[in-house]
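After the structure tokens below, expect a handful of questions from me.
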Amino acid sequence: MNDDISASFFSHRGDFTLDVAFHTPGQGVTALFGRSGSGKTTLLRFIAGLERAEKGALQIKDEVWQSADLFVPPHRRALGYVFQEPSLFAHLSVMDNLLYGHQRIPQWERRVAPEEVIRWLELEPLIGRNTQSLSGGQRQRVAIGRALLTSPKLLLMDEPLASLDLQSKEEILPYLDELFQQLDIPVFYVSHSPDEVMRLASHLVLLDHGCVRAGGPINELLTRPDLPLAHLEEASAVVHATIQAHDLEYHQTLLSVPGGVLAVHHKQGPIGQQVRLRIHAKDVSLALKPPELSSISNCIPVKVIDINVDREPSQVVVRLALGEETILSRVTRRSIDQLNIERGMSVFAQVKSVALID
């Protein structure tokens, strides 16, 4: 049984050419990431069958949706599509919107129950309301719920938070976090926001001028020095950790990572729970030995993988091995020379701030 998704498309329209080929896991969230105009939405529409490329091939696990002699039309593809602007039926209630596609799916093909979606997205207080009375974040939650209730084998999300204000984005992100952990449906998530991608995705396809520049597990691509992600102002790495203890006196949670322990703001969760952390490159400084006295309490042993010149020529981005994972440190070239830090050296990373992703 094939559990992967494979896609390839070629299209030349006007002055834009899309020429992509990639494989992704058939589970979890794959982010289609790139700057505006890189081809993200065009690619998503080819996957949905809403547009047809001159050449294309698409296989979702064991199902072929497109090949040289086959094109499954959009209404025959078991997929859900969430757009930037939620397209809800204004004359129907929230509940009727949710059930619109669900009622058209044969019972034996229904893989998601309305009660589950209502619980995951906390829609119970809204189900009797008219959609026109909802906030932007509420409308998008309903649109996501409606897409899920079509029992899709693939969920496509085209910048679902792009039209929301900051408060609405912060409102909906926790629901997406929870949803993606509960779902057994692969998701293609289009975004040009590094924050969204790092928080939600496990896999990444990086698009640039209509081509796939790179693809793979998100942390591998976030920390690759030949890719722009490692040189962004908000460059960071995603690290896996385990809850080791809760320090109630200081309202902190202690997280076990390879070689040490990191203290973060208190997080609810049982001992042994796996979590993900986001560590910004700008929040990691380097030392040759642990400082005896410092306000930065998080200090862990790491090994220098390589040192790369940053976009800002006075700085470098240092890749550091933390066990089998990689984190980044953005420091000045002067400090690297003063400490004589070289590739392969064992040093200590002082981590000023750590953000919990989940």
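The chain as shown is numbered from 1 upward.
Yeah, the Cβs are placed from backbone N, Cα and C, and that goes for glycine too.
Annotations per Swiss-Prot:
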- 2-234: domain 'ABC transporter' (DOMAIN)
- GLY34, ARG35, SER36, GLY37, SER38, GLY39, LYS40, THR41: ATP binding site (BINDING)
- 293-358: domain 'Mop' (DOMAIN)
Using the Cβ center of GLY34, ARG35, SER36, GLY37, SER38, GLY39, LYS40, THR41 as the ATP site position, which other residues in that chain lie within 8 Å, going by their Cβ?
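Result: HIS192, LEU207.
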Per DSSP, THR41 (ATP binding site) is which: helix, strand or coil?
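THR41 (ATP binding site) sits in a helix per DSSP.
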Kindly report the helix/strand/coil residue split of the domain 'Mop' (293-358) according to DSSP, in that order.
7 helix, 36 strand, 23 coil
Taking the Cβ of GLY37 (ATP binding site) as the reference point, list residues of the same chain whose Cβ is under 8 angstroms away and which are at least six residues distant in sequence.
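For GLY37 (ATP binding site), the qualifying residues are PHE16, HIS209.
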Sort out for me which one of SER38, THR41 has the most neighbouring CB atoms within 10 A, since those are the binding-site residues we care about.
SER38
Long-range same-chain neighbours of GLY39 (ATP binding site), Cβ under 8 Å, sequence gap at least 6?
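Long-range Cβ contacts: PHE16, LEU18, VAL20, LEU207, HIS209, GLY210, CYS211.
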Any idea what the model's mean pLDDT is for the domain 'ABC transporter' (2-234)?
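A mean pLDDT of 91 is what the predicted model shows over the domain 'ABC transporter' (2-234).
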Look at each of the binding-site residues, GLY34, ARG35, LYS40, and point out the one with the fewest other Cβ atoms around it within 10 Å.
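If we count Cβ atoms within 10 Å for the binding-site residues GLY34, ARG35, LYS40, the smallest count is at ARG35.
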